[in-house]
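**Q** Copied straight from Swiss-Prot:
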type     : residues : note
ACT_SITE : His59    : active site, nucleophile
ACT_SITE : Asp335   : active site, proton donor
REGION   : 58-168   : region 'Substrate binding'
TRANSIT  : 1-32     : transit peptide
Amino acid sequence: MITGVFSMRLWTPVGVLTSLAYCLHQRRVALAELQEADGQCPVDRSLLKLKMVQVVFRHGARSPLKPLPLEEQVEWNPQLLEVPPQTQFDYTVTNLAGGPKPYSPYDSQYHETTLKGGMFAGQLTKVGMQQMFALGERLRKNYVEDIPFLSPTFNPQEVFIRSTNIFRNLESTRCLLAGLFQCQKEGPIIIHTDEADSEVLYPNYQSCWSLRQRTRGRRQTASLQPGISEDLKKVKDRMGIDSSDKVDFFILLDNVAAEQAHNLPSCPMLKRFARMIEQRAVDTSLYILPKEDRESLQMAVGPFLHILESNLLKAMDSATAPDKIRKLYLYAAHDVTFIPLLMTLGIFDHKWPPFAVDLTMELYQHLESKEWFVQLYYHGKEQVPRGCPDGLCPLDMFLNAMSVYTLSPEKYHALCSQTQVMEVGNEE
């Protein structure tokens, strides 16, 4: 859980991508007319060839970002930081252009908070490392063993990796790769990161002025909403937290999730209200960034959707040079990325995204018709995206549904720099 910073980079000209999307749509319409006339059956999945996989994942279990103001504090022992031997895998971090790793203001902030026991706030633990290794093993089973899609050893020509410039995400990526490739590699592992003020792998409230302004009023009044307000007061009273302490459902959930993931002794009342705390954290998030507020959702994850979309279009474009396409794209993100991302795709289940959760996007081509399809999985379960007839979605239908929220870098910067913005929710 973080509050982010936004701006955007991309590699393919917008005009080219638009033309590709239009041609794809026209071809799809023509095929649909033929199929309707001939009364053809649904797509034969045995004739589908996997062409590309994109995986967005949340980091593994970590220490809380901010301790609760309680007399009895949970002890976070540095032994929890021991690195499991099977997760050891060397990597290098660069900026998006391949230059030196950018400075990480978030890691500096986390090191200002020392928890009882000696750990810093927001540190990936061995539990989190094992979770990420297990996710990597699942991906290996899916794309190396069950389907011989990826090489069994890491090949930099097949895999592109990008992470937010936060240490727990970089280390989570290391562990995932160790599980996926069993610590075997044919070349250097490069993890690409961006500057905090231009990051788009999370909603960048710090740099996107309009997003910050549109949601400011709702952030200030979220804890005062009917239902949320009463439940927050009840939890704080039962836990002995003073009403003046700035503790909301986000902070409560952050602590209860971290403690439960590590089986640490917790405040009994925190455990008792765990389910309600999660639900109210979700309610609060949806109040701040509601699905009806299209522009805010666009600014929150539109640039990231644009990256995912561009990868899809480049993969299906025969003119794209082979060295510009990877079989696997990995993106290390956060819970605050997942909620708006899942909302825009129409698959949010109203549960807080857990540690090490993944959203996997597969791109297929039909061997006979040459048509393209997308398949989505969240937390390992097949999903039906908004605007799609079923789990196996024609690419043009998927892109059309995404286009409601996708933002090119130019449009993103234009929206973020608007000077006249009504603060959503301030007039309620």
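Residue numbering: from 1, along the chain as shown.
Just so you know, glycine gets a Cβ as well, placed from its N, Cα and C.
Provide an account of the burial state, proximal residues and distances for the features listed.
**A** Reduced to three states, the DSSP call for His59 (active site, nucleophile) is coil. Sequence-distant contacts of His59 (active site, nucleophile), defined as residues of its own chain at least six apart whose C-beta falls under 8 angstroms from its C-beta, comprise Leu124, Gly128, Met132, Ile166, Arg168, Asn169, Glu171, Ser172, Ala332, His334, Phe355, Ala356.
Long-range Cβ contacts of Asp335 (active site, proton donor) within its own chain (separation 6+, distance under 8 Å): Met1, Arg58, Trp352, Pro353. A helical conformation is recorded for Asp335 (active site, proton donor) in the three-state DSSP classification.
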